[in-house]
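Annotation source TrEMBL lists domain 'AB hydrolase-1' at 123-375. Feature annotation from TrEMBL assigns active site, charge relay system to S203, D338, H369.
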Amino acid sequence: KNGMLLTTMFDGVKLAAVATVLYFLVRCLNLKSPTAPPDITYRDTPLNRYLLKSCPILTEEYEPPLLWGKSGHLQTALYGKMGRVSSPNPCGVRKYLLMQDGATATFDLFESLGDHRTGDDITMVICPGIGNHSEKHYIRTFVNHSQRQGYRCAVLNHLGSLPNIELTSPRMFTYGCTWEFAAMVGSIKRAFPQTLLIVVGFSLGGNIVCKFLGENRINQERVLCCVSVCQGYSALRAQKTFLQWDQCRRLYNFLMADSMKKIILSHRGSLFGMNSSKMEDADLSRLYTATSLMQIDDNIMRKFHGHDSLKEYYEKESCVHYIHNINVPLLLVNSSDDPLVHRSLLTIPRTLAEKKQNVIFALTLHGGHLGFFEGLCCFPSPSPGWTRLSWAMPTQYASGKDTDRPA
């Protein structure tokens, strides 16, 4: 009897353990969360109705991979691993641009693999995320699919992000500096006088492209539309959220700070050793002990452009103060479960879309940060949803560009 009792108790413990594991799996993987179409905010105009009708990915139900796709953390993390398995390797030409302050900007140019269906010459000018460049797998995936749709692609390599390109001035990319992106766009316009532009920005790149377009109306000339994916809109407002443990943002903050630290230290000879450098030995010491992006921004990044304080740096480099000046069609895409972008920041694009007829704001229920995987139970499709969205919407706009274009 005692043996049977012990066996029964042991079986009960095993069942309880299995039930506990399953409970935490369901909670952590968010398996009970429903699937739904993106929440679309827009003004009712003929052009917007045409776009929503012609671009079904904006209105159809987004279905992430069943087992793990409803976790924003896994969407964010796994794309960094799985994207490398089968990401394409488009062939491009690297261009070098000498800036007025002595810096050397670079971008990679990829020609289209066929004619665009409208017959127009269209170039996508692309700005990657923080510390990223044309060799990142998500950029390669996006470029490859865009080339097949008939787009020429120009991808900015953030100043200092390429490990094999030395800095030629004591400055690297910052959160909102548009100088290198503007130089790339100018170069494309000169090289291809007949081309039309589609502006695309990912994460930090979304902030840069929106700030660039809003800084000067001239920057919007020959621009068909702009697509921004997973940006945060206001660094000053995001600053407080990045110190919170909610959605593990404090951990992401630490990891991104570590990546930034490595990029800066790889160029310390240029950033700290040149006579024109604004950095001091004390700044280098503080960099070694920094554990957050804000500490790095305060001790290093803001000084590249002479900002007196971190608040001033975040205020002047955030697109939130410029985005309302954009008059070309603008698609803003975010995910509700993005662990990097707090939901409070999403009032900015939603309010903008409610006020301006040229803006569409698409908010998905799932997708993480630049994830948006689609597919079956475990294995996603090779092209994430944002890839199809980012060239499908511009394709439809190019096809219907004469349909009541907003002024």
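Placement of Cβ uses the backbone N, Cα and C atoms for every residue, glycine included.
Sequence-distant contacts of S203 (active site, charge relay system), defined by Cβ-Cβ distance under 8 angstroms and a gap of at least six in the same chain, are P128, G129, I130, V229, C230, Q231, L340, H369, L370. Note: D338 (active site, charge relay system) has non-local neighbours G72, T76, C230, G367, G368, H369, i.e. same-chain residues 6+ apart with C-beta under 8 A of its own C-beta. Mean pLDDT of the predicted structure over the domain 'AB hydrolase-1' (123-375): 93.
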